[in-house]
Amino acid sequence: MKKFGGSLFGASLLLTVLLAAATAAAEYYNYANALDKTFLFFEAQRSGKLPAAQRVKWRSHSGLKDGLAQGVSLEGGYYDAGDHVKFGLPMAFSVTMLSWAAVDNRKELSGLNQMQQALWSIKWGTDYFIKAHPQPNVLWGQVGDGESDHYCWERAEDMTTSRTAYKLDQYHPGSDLAGETAAALAAASLAFKPFNSSYSATLLSHAKELFSFADKYRGLYTDSIPNAKAFYMSSGYSDELLWAAAWLHRATGDQYYLKYAMDNAGYMGGTGWGMKEFSWDNKYAGVQVLLTKILLEGKGGVYTSTLKQYQMKADYFTCACLKKNGGYNIQTTPGGLMYVREWNNLQYASAASFLLAVYSDYLSAANAKLNCPDGSVPPQALLEFAKSQADYILGKNRQGMSYVVGYGPKYPIRVHHRGASIASIFDLRSSVYCSQGFESWYKRSQADPNVIHGALVGGPDENDYYSDDRTNYEQSEPTLSGTAPLVGLFAKLSGKLGSYGGGSPKPYQTTKPPASSYKATPTTYSPKQSGAPIQFLHSITANWMAWNTRYYRHKVIIKNNSQKQISDLKLKIEELSGPIWGVNPTGQKNTYQLPQWQRTLKAGQAYEFVYVQGGPQAKVSVLSYY
């Protein structure tokens, strides 16, 4: 990626990018709106016969005969990503994440009138898992052939590819997949318990059987289902066994499962592995946080010593995310995004952010702090990290782009997703076959005909660059496992009304402000030492009502009207009561500076920043520059 230069083109590009970022700024903290859209993504990914209440109208029934060739009904469940394979491991992890949100963020989801949507999203997955588990030691782990599916570009409603189903049993074990499915069903049983105790009990029964199956017949699921290796290769099953045991203990209170996690803590790596990743493949950090909750609640008993070892590893992950881990920290992009891998990186940021938001709650409830090698940290700092990642995802980034499709004024419009990229079956009645889809739809440069609302795409690279290109699947393909953690994350942030905003899914009625509000008010600063004027152009670009208060989005353009370059500009911003984007605090009171990548302003160049607050505008002035 080229750095912004001092040329006219560079200045113009900079202004374009920043203007987009400014436009998105008012939406950054509307987490309730973003939350509502994530549920739409799960509706778009549904396989099977769709319900009458389906809100995503460009989809129709599909996969109605899944499993019938093998003598079992496997209708339902979710398609994994931009394809039409039902991969069991990431689907189960996604349901675990949805269920964890429904359990720990019940208050927030209920307050937003979204609890029913959460339960529907979970149940579409758990109903499928029940069908896929017809006997105690049998689990159907996948439907669809990944190889043939990826050679075709067609709608789910037109599928011509193989719908082969793949089974785990005592002769073909898969402890990782069976363990994760057990965890999903145990967590889901907790989610449903206050609302449907009978269904909750059914889920728990399946969870217990699957855990026994996973533990008794051990092996990697990708050895039993080789077709999955190229897509979701498992790195091991010990973390899933501990993960399932932890969730079963929470769901049942049965000490057997806690003892299992304690007895196998060292052997299975629960107290040995310090991680900097939490994902569909690596559950250790999740296990460690979940078990630390027991310790923080004072319920460790005879297992206190082992639980403290689990807590040390939970703290390792968390301190690494906060970059307070004695140098053993996560990598971040220049814009502050957690960066783990080139392929679909945002899934790691979303999962880590949700986990830190959860751990923040557990620490707060215990009135405890996080002890890192670089100092103790209050629980609020964990939530601030989670918020920073959420804001980046929703548009507070160098490209001013929301990576949640359909959210905000600028988002990906060429998503690597078969259904989104081909005209709906209700608009184009004729079938779109395998190679025809590639020629007529995949290679199109136009925007997708169907907006797949709520989909979290793979996201930008390590330099914050994103290419909105359908063929760029590493960046533009959404997944279940990437989007699912956003439910709990957005619910949590929506609940922090006083700090971050939120409310109902559409809390703001954005209206055009009075004409006078658009009047730009320029001020000029001319330091005596140089005689070079710096001009501020201050305007209000939007306003809205929220909770009986009118908020304004303020845009300030800084322009170097001199004939020479200036650098290291420091601003004094007083009477600021809301969030601000585009400038960074220096650590001194009311003092801000331009980002590292924009420390200089060429002659005639402009830069802008944005802030949101109620009441009058802040006072902006120059402290110094060179």
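Using N, Cα and C of the backbone, Cβ positions are placed for all residues, glycine too.
Given the structure is predicted, the values throughout are model-derived calculations rather than measurements.
According to TrEMBL, the protein has these features:
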- 1-26: signal peptide (SIGNAL)
- His416: active site (ACT_SITE)
- 501-524: region 'Disordered' (REGION)
- 509-524: compositional bias 'Polar residues' (COMPBIAS)
- 534-614: domain 'Carbohydrate binding' (DOMAIN)
Residue distribution over DSSP helix, strand and coil in the domain 'Carbohydrate binding' (534-614): 3 helix, 50 strand, 28 coil
Overall pLDDT of the domain 'Carbohydrate binding' (534-614), taken as the mean: 83
His416 (active site) CB neighbourhood, other CB atoms within 10 A: 24
